[in-house]
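Take a look at the structure set out below.
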Amino acid sequence: MGSTLLLFTPLSITSPPSTKIRHCATSPKLHSSSTIIRPSHSLSQRTYIPSHVYTHPSAILLEICSDMKELYQILPLIIKNGLYNEHLFQTKLVSLFSKFGNLRDARVVFDPIADKIDALYHTLLKGHAKSSSLEEAVSFFHRMLYDDVRPVVYNFTYLLKICGDNSDLVRGKMIHSQLICNGFSSNVYAMTAVVNMYAKCRQINEAWKMFERMPQRDLVSWNAIIAGYAQNGLARRALELVLRMQKDGESPDSITVVTILPACADIGLSRIGKSIHGFVIRAGFWSLVNVSTALMNMYSKCGLVGKARLVFDRMQMRNVVSWNSMIDGYAESGNSEEAMVIFKKMMKEGVEPTDVTIMGALHACADMGDLEQGKAVHELSNRIGLASHASVTNSLIAMYSKCKKVDIAAELFKKLKNKTLVSWNAMILGYAQNGRVSEALDHFCKMQQENVQPDSFTMVSVISALADLSVLRKAKWIHGLIIRSYLDKNIFVMTALVDMYAKCGGVHMARKLFDVMEERHVMTWNSMIDGYGTHGLGQDAVELFEQMQKDAIKPNNVTFLCVLSACSHSGLVDEGYRCFTSMKQDYGLEPGNDHYGTMVDLLGRAGRLDEAWDFIQKMPIEPGISVFGAMLGACKIHKNVELAEKAAKRLFELDPEEGGYHVLLANIYSDASMWDNVAKVRKTMEKKGLQKTPGCSLVELKNEVHTFYSGSTSHPQCEKIYARLEMLVDEIKAVGYVPDTNSIHDVEDDVKKQLLNTHSEKLAIAFGLINTSPGTTIHIRKNLRVCGDCHNATKYISLVTGREIIVRDMHRFHHFKNGSCSCGDYW
């Protein structure tokens with residue numbers, strides 16, 4: 001409408017609008033004469049407006065009015081000068097009230113006017129489309145038609161936009177039909193809005209049909225269809241259309257560039273992204289903030305955060321979106337420390353942070369596990385009034401959960417008034433990450449009770465919690481729920497299911513799901529390979545890795561870690577060496593400390609301790625805790641005191657607060673009958689206040705998890721458990737079991753045997769035998785490595801009871817059946 005303006009009557013007038021016959025009003029045209037002819041009730045009737053009205057100071061003030069405060073200051077001048085009955089002022093007031101989002105006062109002006117011109121309707125409809133709900137906007141459009149106001153093309157573009165923004169396809173189609181009835185089906189602006197609407201409603205094929213039917217297209221039309229394909233995940237098609245657009249004679253503009261760069265990022269086409277960057281420089285778009293920001297996003301999502309930083313540093317001007325993009329780029333790439341450096345620099349330069357800024361900073365703090373910086377960002381969000389935003393609260397919940405302060409996260413969640421699906425997901429994941437499976441499942445159930453429908457993210461979080469619980473029956477329950485929720489085709493949900501079944505002991509079920517998946521992500525392959533590895537099926541893991549390569553699926557760092565771990569658990573030294581060499585040689589991936597640690601574990605378990613130590617000395621990176629931890633564990637297996645002391649010395653320097661390494665060294669000394677050294681280690685532990693993590697075993701029965709600690713007597717069935725265990729020990733001794741007391745010292749032999757017989761695994765097995773029917777498989781989860789005596793005893797228990805016993809310890813699964821273990825005593 002340009003400066004076509006609306007109408008005004010005093011705000012105190014509340015009389016209802018009169019019924020009238022409408023005719024189309026055109027925009028006012030200025031003439032050199034003293035009057036302006038404007039359409040009114042009929043073609044023959046004219047309204048004459050003196051030219052001085054347009055030059056009145058109040059009219060000039062309205063033209064430069066920039067906010068509601070200024071508008072309310074101008075209103076008394078208009079009323080005082082008797083100008084409120086002039087169509088110019090009425091239209092302008094409705095326009096400004098609508099522009100500032102105050103539709104209530106716009107209606108107060110609009111409703112009492114007896115002789116409404118069409119421009120008033122068009123302006124108020126625009127206000128509704130921009131500032132009210134879709135329901136209200138469509139309702140006003142219907143009133144406009146009822147009042148016999150002929151729609152103009154912009155009415156439809158505004159309405160179609162709000163339909164698209166709300167993904168309301170039904171109303172969108174209704175507006176489309178009205179557009180056709182009013183003769184705008186050949187109008188390029190109207191049809192571009194139609195294309196946009198269908199694309200935003202995820203009807204991209206329908207959007208394409210509309211685009212093809214357009215008798216003429218402009219650059220905006222092309223940008224609309226390209227954006228439609230890009231936003232619907234069809235990045236390659238979007239890129240193809242950019243080429244076709246150029247063949248049709250349209251050159252890309254900055255909007256095209258901003259639209260297509262995210263498409264390059266979505267499919268990791270950094271090469272094309274770089275080409276677009278070159279075009280940006282040649283076309284002179286490099287100085288535009290939105291273009292540079294889009295380039296930063298593209299490089300970051302393609303894993304080239306260094307190039308994103310170069311773009312950022314060269315920007316002549318930056319807005320808050322640019323800063324946010326750089327913070328997110330570093331956080332998403334795993335360089336959270338640099339993300340916080342950028343965040344602090346942004347604060348120092350006085351850039352006002354938004355909720356997105358705070359969310360990015362909290363993401364970085366969460367990834368670092370930096371509680372102090374996280375609290376500082378929390379305090380900042382309180383000071384600037386952003387902490388109450390649901391999105392910020394959700395990020396706070398995630399940050400506190402990752403920093404092991406899930407109770408603080410729970411308090412924030414409890415106080416959150418408008419909980420969204422994201423809020424529930426963050427809290428469920430928070431509990432799952434902190435091993436509080438029961439609370440995660442409770443919140444999942446409460447979420448459903450409040451009619452909040454779970455999505456794929458919810459399911460992945462719940463599945464992860466159940467995977468840690470390692471209860472096969474619950475795994476089957478969530479699997480059924482996923483099928484009923486129609487999420488069984490989602491690649492991430494199905495990948496989580498594969499991982500869960502493998503971690504719940506159902507590795508064969510995991511493979512069945514893997515085989516029926518229509519699409520697999522590299523994470524899917526990783527989960528299945530890791531599943532085989534933890535079950536001691538190293539050869540199966542290697543074969544699946546080879547199949548992955550044949551299917552042209554590019555492995556990542558995690559893939560190689562899974563394969564190396566599988567080789568380690570199965571003693572496949574040669575295969576592990578080939579895999580480790582291939583990692584850098586064939587795929588250009590740099591091994592990290594975890595990869596080197598797994599290689600040391602592979603060599604150490606196989607008894608090649610000197611080779612393992614030599615491997616450590618030749619590492620191109622500084623060996624970390626995982627490397628020396630693997631070395632110390634191998635020395636325990638093969639009773640090598642000399643190398644154990646070297647590895648332990650480095651571990652005590654790297655992680656002086658971990659008591660487990662001291663205990664492991666003490667056990668190595670004990671095996672070698674070096675009692676003075678054992679005493680020294682114990683004295684050091686006492687002096688430092690270090691303690692070993694107590695071993696515990698868990699058994700799930702009838703939706704309740706029972707936890708047992710070595711020698712504990714707190715269980716309600718304590719007497720029955722110990723009585724059954726005593727009988728069990730006699731039974732297995734009769735078939736050849738001999739207690740291994742070497743790891744216990746400073747007590748009498750009878751006491752040693754008694755301590756062994758009350759280990760948590762044995763208590764859990766006895767409980768399972770008492771409370772399950774004959775032939776039922778017993779599933780046990782252990783938080784530490786299974787000790788040698790319990791491993792030996794469980795083999796005999798499986799023989800005398802005829803039961804299969806599945807034990808998942810901190811490293812792998814042990815399937816005990818008929819007197820043998822699936823690990824082949826290699827663990």
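A Cβ is built for glycine as well, from the same backbone N, Cα and C atoms used for every other residue.
Annotated repeat 'PPR' per TrEMBL: 117-151, 187-217, 218-252, 319-353, 420-454, 521-555, in sequence order. The domain 'DYW' annotation in TrEMBL covers 736-827.
Residues 289-290, 292-293, 296-297, 299-301, 303, 305, 308-309, 312, 360-361, 363-365, 367-368, 370, 373, 377, 380, 384, 386 of the same chain sit 6 or more residues outside the repeat 'PPR' (319-353) yet have a Cβ under 8 Å from a Cβ within it.
Per DSSP, the secondary structure of the repeat 'PPR' (319-353) breaks down as 26 helix, 0 strand, 9 coil. Each residue in the repeat 'PPR' (117-151) has a pLDDT score, and their mean in this model is 85.
Remark: secondary structure over the repeat 'PPR' (521-555) totals 26 helix, 0 strand, 9 coil, with classes taken from DSSP.
Across the range of the repeat 'PPR' (117-151), the DSSP-based residue counts are 27 helix, 0 strand, 8 coil. Using DSSP to sort the residues of the repeat 'PPR' (420-454) gives these counts of helix, strand and coil: 26 helix, 0 strand, 9 coil. Long-range Cβ contacts of the repeat 'PPR' (187-217) within its own chain (Cβ-Cβ under 8 Å, at least 6 residues beyond either end) map to 153-154, 156-157, 160-161, 163-165, 167-169, 172, 175-176, 179, 224-225, 227-229, 231-232, 234, 248, 250. Note on the repeat 'PPR' (218-252): DSSP counts are 26 helix, 0 strand, 9 coil.
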